[in-house]
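Record features (TrEMBL):
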type	residues	note
ACT_SITE	B:Asp342	active site
DOMAIN	B:152-359	domain 'AB hydrolase-1'
SIGNAL	B:1-24	signal peptide
2 protein chains.
Amino acid sequence: MQRTSRYALMIASLGLLAAPPVSAFDGIVEKQRFRLENFTTQGGETIPQVDVGWESYGELNDARDNVILITHFFSGTSHAAGRYSDEDALPGYWDAIIGPGKALDTDRFYIIASDTLVNLNAHDPNVVTTGPATLNPETGEPWGMDFPVVGIRDFVEVQRALLESQGIESLYAVMGASMGALQAIEWASVYPERVERLIPVIGSGATDPWLLATLGTWAAPIRLDERWNEGDYYDAEPPLAGLKEALKLVTLNANHWRWANRTFDRAWADETRDPAQELDARYAIEQALDELAAARAEVADANHLLYLVRANQSFIAGGGDTYQEGLARIEAPTLMLYSERDLVFSSEGVRRTAQLIREAGNEVTLEPLRGDRGHLDGVLAIEQASDTLRAFLE
Amino acid sequence: MQRTSRYALMIASLGLLAAPPVSAFDGIVEKQRFRLENFTTQGGETIPQVDVGWESYGELNDARDNVILITHFFSGTSHAAGRYSDEDALPGYWDAIIGPGKALDTDRFYIIASDTLVNLNAHDPNVVTTGPATLNPETGEPWGMDFPVVGIRDFVEVQRALLESQGIESLYAVMGASMGALQAIEWASVYPERVERLIPVIGSGATDPWLLATLGTWAAPIRLDERWNEGDYYDAEPPLAGLKEALKLVTLNANHWRWANRTFDRAWADETRDPAQELDARYAIEQALDELAAARAEVADANHLLYLVRANQSFIAGGGDTYQEGLARIEAPTLMLYSERDLVFSSEGVRRTAQLIREAGNEVTLEPLRGDRGHLDGVLAIEQASDTLRAFLE
């Protein structure tokens, strides 16, 4: 409200004019739903009905050339900025850089974000996604493991349909963190003529062997939980114990030892139960991770996590045999933000990606993010890149 | 044999004299067993009978002042050097530095290593240990979760009894990697008058919060496996699936992304099964980790892993409230070897440990190990420290 002048308010309250907003985005967002019939995956399977949620910040201009697409990370959603109501404790994850006058200026850009297929948070009321937990309209039952295996390219194709439904043919920029970086890179590789600027954050041009293995360990606890039942649990108790352990690994891997060692000490979870005496007692950091994982598991779906693991594992820019090919197709000037402490997408992989895009004749700016959280600094400490982003978007 | 002169061989073969070995250690080792009755843990529980295996390389001199104790890592055993027979494919883990003329010269030192309590490889025929998988002589049944929770200090006390049984009162040096470093530090802190030189490798003076949490994730897959059955599985199928996942995490955490990305590519485990099409298909790196974990699980015990996790979590040098206290009690000149890429014991924690030992008036040499394996370079790439070790042991 600070950005709205008294004069504009008066006019609006009098209802005399359709008041043009002084800011295109006042911070309140509404989840929208996009439906797509008969979506055919890259694997050749057809999904009769795809629904995904989306939200937007700022307004689409008449030329439809002010669009920035934000693509979300593994455990993220389309809620990139703003609040659903004034009571929301926290805004969307990149609110620090999305808003009026911010680096991604909603007074200038139309910023749009959508939930991916097989979104992790399938049971979050603010998420709309399609995946194993969704009813298959042909059977009336949840898809379960009959849902086709999908990949990053499929996420991109759903986004393309969403954008086309709004008459949007090209993107001023596409920006995403982690799995969002994979989608952004895929956009620029597969549709080079539609992407004017590329901003991959904490991600690279292919999932490297380290990450293949790491992602595999995220899937394992779910498969170990007998309640998982080969993915068929929608009529019964879901495999929450396995899902929680999986989410704990996600949290830990996405962080860095500097964060853990600055945030926690060796305190016990319960001061009356010494872990050195009782095997079932825990340390405070374990309890904190357990509680965070339990809260996240409440809205997450175990099968969706397995499908997301695979979508991330199978990523190679452009979908060819080598990512050199895929990256060489990119034409957009590129800004890559990354962390030297990233334990998910290694700094080496990020640098190699930058080099390959550059070798294909492109301009690439590679900028490290500071912070103690490693990979997560690309989400939680993004504000430090505001000036860089602003300059890149000029 | 190269080091044995033709003359000595001739005498030995003639059986005319008890041939004094030209080298005190010819590379063939024999596992010995040490028994201790009524061992009382630091937690105040009594174990009626403790058996642990041990082996030695070189000969104890008459003054009994040439002893180097080697303490083993989490998944290690007392097999630090040599072979049990000429047919053994691999020697003990630190064979590169233990032997005649090597950095830890068996022509000069009597080097002794023992299996810890709750050793991971309880079912390895060359391991002798006491823990949940061992028969409780009072019940005739495996201890299971009735085995008392033990810590690094308990491991040290069993070693002290073993050494005393051989009339050894003081150590020329104590050296160990990872969990072995914790034991070495504990020795020097609790028995400063008995430890003349301290060599902690890839370890530090306390388990930091990051490692508390990481160790917790190693325990989780076992607890998720229904066959674990609250630790009561010795009459049934053991929780091998959970144990394998735990060991996979151990392997991955002890390595570094540089190793994974230089050793593997994005190949599929089975060239006819594309992971992008089949959720049950795997990548080659996943298969390699699965197979390694399966081989290790064959001789490992799931409950022992849980007890080892706790022994490592509860470690704080000297057992007091702060590790400053414990480290300040050390009097031995100290050589610390570590890796800047260590994702288990952070380089920051190692440096802080070195600083605290130094601040208490001690001489500390801190030397980084090169390599792409992170933590594991302390085991697999130790040979590079030969000259440093030799100089330190002069």
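Placement of Cβ uses the backbone N, Cα and C atoms for every residue, glycine included.
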(request) Tell me, roughly as an integer, the mean pLDDT over the domain 'AB hydrolase-1' (B:152-359). (result) 97
(message) Neighbour count, 10 Å Cβ-Cβ cut-off, for B:Asp342 (active site): what number do you get?
(response) 27
(request) Using DSSP with the three-state reduction, classify the residue listed as 'active site' as helix, strand or coil. (result) coil
